[in-house]
Ligand SMILES: Nc1ncnc2c1ncn2[C@@H]1O[C@H](COP(=O)(O)OP(=O)(O)OP(=O)(O)O)[C@@H](O)[C@H]1O
Ligand SMILES: [Mg+2]
């Protein structure tokens, strides 16, 4: 029997995972210790040890930690959703927005805010604090899923090809986006702020409720990925090839699509449409993993969490009290990264 | 009888690409499909692999229509090499060949020593052991084609459908793949249907040969008999002669090249 040579050429992939895990811990730590409110290190340490002043406790436990956890989970969602979509559509530019998920969520949140304000308080301008913000994640997620389902149904009626999915997604996404923008434009001023905040992707005032909203989806999504890893490998091929290797293509394509839409829609609901994470993180992970494709998923998960946590930290620190929303940070940092990645690929 | 097509008809948007195609394949038989470009060879193979829905007729394995067999079970019985497959950029040769085992391991079972041995055998049979860890994108056209052949034979199916397996190979590897096909059929009892353009290779290796022209089967039988029909010259619009090369072997087709006459004419002048 001839031994099959191991895939040993690429050592980068192997060492990058612990390094990234370290980096993740570092960003998490920094995010706890650095922020707009000036807390001394000893204050923070004592909070972490279970004591500390009530003020420090509330800043760390009720503001910073839930924000970090929510951001990290959302980052994982966007990155993994992007990875799945890029894999199954064989389109390196795919991200959750091509399934219309972000746009569907945007429209549903817009409609929801519009109607809830209108129904609650007809005639007057409701104050932002009275808005039913606790519903936004669920509403956004449902909107995102409906848009994803519409794209799926349109593409499914003919053949469920990757190109058709992409085109349907772009078309439906554009329509939904236009409607949402139209509604926002024709609408009063006071409430726009909440919406803009959400639209630009923000971690401001994210509470444990947001983290708890996301966590079940994160766990279910990642667990569901494990048994379909080989199917995802095969979905990288054209349908006839995947089929002749023995994969029921349509079922697995649909399931993977459903999984990525669920991950993306729940994250969009919780933190708004944060752009570029779903697009870029999978490319970074691929560059680091090289031929060690089994590392692709763990690297994507780690990098997804790092990207949002560090992006949020930068946004908080750069402008102090007037935070720059995370969505703006990822967009600004994402473009040079994308260009750099494009330059190094042959 | 292992694989049988009866009156298989395939149309693409109203245009008939394959008309009433009949074929029977015995265990261990090598069948060559020849015919001009666009004559329906790839179409026939895809229909046999259950990848196209025929508009008429059917292909059956052991009496069951191929499109009624669940994909993974079908893949354990039948492996198919497309004419011009593409693979993801980063995938290495070994990773591609591993996909050939999916039909056996499925989503969850881990690769056994047997699976690994088969992968090693498939790589070795196609001369790829030294290239196993190279990404496909860094390979030459012929090396890539061998990697795909390797993945198809790693599937260890009883039926192997090969669409032009030798078209990008140098003459050395062409002979090696033709020999591999022959050995698979004789030593392992694999039944093979192979679309191929090299007439002499087709005639030398196959037990039976089908000649397609514009979607219709114009010949189905023993390669030696094909020589006597004169169909090659009409279907391919060439002139040539069949030259006997050995007592028991099918004759070689020696095609007359147009420029030879021209050159001879120039030289004679
Ligand atoms: N996907 C398709 N859509 C429409 N027409 C097709 C498609 N595939 C093949 N055809 C047509 O069907 C006919 C048969 O094509 P097929 O690919 O089977 O030929 P072939 O014998 O394999 O040719 P070649 O030697 O060039 O590989 C051709 O006329 C071709 O134009
Ligand atoms: Mg062909």
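Cβ coordinates are placed from backbone N, Cα and C, and glycine is handled just like the others.
What TrEMBL lists as transmembrane segment is A:65-85, A:97-115, A:135-155, A:167-190, A:210-232, A:253-281, A:324-342.
For the transmembrane segment (A:253-281), same-chain residues at least 6 beyond its ends with a Cβ under 8 Å from one of its own Cβ atoms are 70-71, 73-75, 77-85, 87-88, 93-97, 99, 101-106, 109, 136-145, 148-149, 152, 160, 165, 197-203, 206, 210, 213-214, 217-218, 221, 224-225, 228, 231-232, 235, 239, 300, 303-304, 307-308, 325-327, 330-331, 334-335, 337-338, 341. Counting Cβ pairs under 8 Å to the transmembrane segment (A:97-115), the top-ranked stretch among A:65-85, A:135-155, A:167-190, A:210-232 is A:135-155.
Remote same-chain residues near the transmembrane segment (A:167-190) are listed as 97-100, 102-104, 106-107, 110-111, 114, 125-128, 147, 150-151, 154-155 (criterion: CB distance under 8 Å, separation of at least six residues from the stretch ends). Scored on C-beta pairs under 8 angstroms, the neighbour of the transmembrane segment (A:210-232) with the top count among A:65-85, A:135-155, A:324-342 is A:65-85.
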